[in-house]
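S.K.: Handing you a structure now.
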Amino acid sequence: MKTKIFPLNKIAFACSLLLANPLAWAGDQFDASLWGDGSVLGVDFARFNVKNAVLPGRYEAQIYVKFEEKGVSDIIFADNPATGRTELCFTPKLQEMLDLMDEAIVKSPNSEDDTCVFASDAIPKGTFEYQSGEMKLKLELPQALTIRRPRGYIAPSRWQTGTNAAFANYDINYYRSGNPEVKSESLYVGLRSGVNFGNWALRHSGSFSRFENQSSSGFTDKGKNHYERGDTYLQRDFALLRGNVTVGDFFSTARIGENFGMRGLRIASDDRMLAPSQRGFAPVVRGVANTNAKVSIKQNGYTIYQITVPAGPFVINDLYASGYSGDLTVEIQESDGKVRSFIVPFSNLAPLMRVGHLRYQLAGGRYRIDSRTFDERVLQGVLQYGLTNHLTLNSSLLYTRHYRAGLFGFGLNTPIGAFSADATWSHAEFPLKHVSKNGYSLHGSYSINFNESGTNITLAAYRYSSRDFYTLSDTIGLNRTFRQFSGAYLPEIYRPKNQFQVSLSQSLGNWGNLYLSGQTYNYWEKRGTNTQYQVAYSNSFHILNYSVNLSQSIDKETGKRDNSIYLSLSLPLGDNHSADSSYSRSGNDINQRLGVNGSFGERHQWSYGINASRNNQGYRSYDGNLSHNNSIGSYRASYSRDSLKNRSISLGASGAVVAHKHGITLSQPVGESFAIIHAKDAAGAKVESGANVSLDYFGNAVMPYTSPYEINYIGINPSDAEANVEFEATERQIIPRANSISLVDFRTGKNTMVLFNLTLPNGEPVPMASTAQDSEGAFVGDVVQGGVLFANKLTQPKGELIVKWGERESEQCRFQYQVDLDNAQIQSHDIQCKTAK
């Protein structure tokens, strides 16, 4: 192989050819005679005489069925000998994404066979349109042949398990304070770690702490190093269960009934595995259209859904759960222009579920509290079911050797608001006292929005518990104490008797916002009633924001009454800086504070705060803080001092360490599921959707949060990478499972410009307009005049390239190459391309 450096001006013509649009529109004819006769003999230019012509090869495209996006996938085009055109191959992956009825597919592809099944043969009633400029593939098909799925539905077969990896989240805080008399320091390290292998995820949480106090007299109190375990469990999801299985130490997660720590086994549903339009509560809308009609659904004056339905009964069951309450207005516009409407009551503030939907949890094991596991074996079952548009049933059972409890309740959706009620019965046994207690607890709540007036009563709840009602934690705690003191000691516990709370918010338009809340409660073992009230008002005057908060608490047992007032002002200073001031009074204590805070930096990665305060006793204090966020974590520091000679300093850091197949990467704290991003040689490139996340020296970064069972788009901004690094694509799509660690590989090249001067064994140049692919079928470049292959998409420094100007073996050749991808200069190689014998 002969190698030389090629001057830039000699490839200008070749570049212009490659940058030109190779597609021809219907009616345009490609005149092959313009290209002479020698180097282009044997090339079929007819492929360019059709609309949206495309060269054979593998492409990445956004897939649509009608107007519904199905996701991103690789698609393959190949020459169809029957039509003489380049056509789309119907692959198993494409079949899975389209989610069509069996009757729509005449010929299915074989996953074990690489033979191209052309889409025109597989789906004769469908029309495919590939828009190369926008990288979109659209399928038009009769509606009767498409499967009606809820909006946002993703087939479980497309959920991605992720990669094997390990991580450790850390949160470190060091605090030191002192005055001339006493000095103290403490260290806290919070930990949440995990290992993923296959479909299973191992998780652990815990914390380490230590402290030390020292007096001026020389006395030192050194606390013991202490590690407190949280939970440690193994978990995986199962599509068949529409939920997950957890084994180990965990906390129950029931939405109704009692929650507690347990060592054992849990099977629970996960609503995130439903399509987004099936999560939360939204009513099913049923109606009848007399003709082909347009159905519009409005809430609070806004259209939230619109669809065209044929004549006859229709059902709409894929409304997205709304964060707002408000009845739904359904309008049916017939083809003759007549409009009918009706109302469907809707409130999302009660524990409601969609019709036919089930939420469950079944857990069994040993009771845990404060990192300790007890012999008390516990069995818990929770079930919620959407019976109708208006009624949801709730139930829960709890069983141990010395405790039983059962709950039954309902949520009710009505035109005058949302109601919920439940009753819990309990049976508690205290063996050492030779006594058992049977009790009950009643609970009810009501909520409503008045959208016209802007009034929102978010919660009006009441609970009454009988004298002999005990919770599981009450029962186990008392029995532990009885055993410890041989039944001779009766600990003092406070068990609720009556509880009532209400909150109301009112929008006053230009006059601001008003918030009112109140609660009252008492205990069986304690005289008197505790009552708390709060009134808050907020508004703005030009750019000045202000708020007022009044509160009162009353303890009738002691006769103590606390009144407090809090005033705050905030003034923007421009460019993410602001000044704020506050005044508070509680009893005879008065405090005033003045501060400045803000953020700065290209991506506002730095933030600060400076404050000064004083009270009516002459006490003064000053403090400042500074924090920084970047790809590998967040760091913070603060300092304070006061007029009593107290001083303190605090240092903190939080982040994560992730170990994976490409190495070890430092990261911001990661969530339940996250993504590892790898792009070789692209250090410095920014992750589009990640706050202050960039690729490190090794081309790795971590996207700290992803949404499970949903399409997540991971984008890269290559502007800060080296200029000669080229991305095959700057956006990838993932659909992670819960607790998964996704590995997102971006294929890159050094954008090395390589010219291969190709000749055939007979000495003739390779035909112009031939295409070159690597051993994996990826497009590498086109052959221009004189048999010159302009290859700027090489990803490997050596390998084999295949050049095609037709589908027959006699119309293709291949050659071995070796280049320097780190060389920014244009390289040229004289190579003989070998044909099949």
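Every residue gets a Cβ built from N, Cα and C, even glycine.
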S.K.: Tell me which of Cys116, Cys833 Swiss-Prot records as disulfide-bonded to Cys813.
M.R.: Cys833
S.K.: Per DSSP, to which secondary structure element type does Cys833 (disulfide bond) belong, with helix, strand and coil as the options?
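M.R.: In three-state terms, Cys833 (disulfide bond) counts as coil.
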S.K.: So for Cys813 (disulfide bond), how many other CB atoms are inside 10 Å of its CB?
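M.R.: Summing over all protein chains shown, Cys813 (disulfide bond) has 23 other Cβ atoms within 10 Å.
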S.K.: Only counting partners 6 or more residues apart, tell me which same-chain residues put their Cβ under 8 Å from the Cβ of Cys833 (disulfide bond).
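M.R.: In sequence order, the residues whose Cβ lies under 8 Å from that of Cys833 (disulfide bond) (at least 6 apart) are Leu758, Thr759, Leu760, Val766, Val803, Cys813, Arg814, Phe815.
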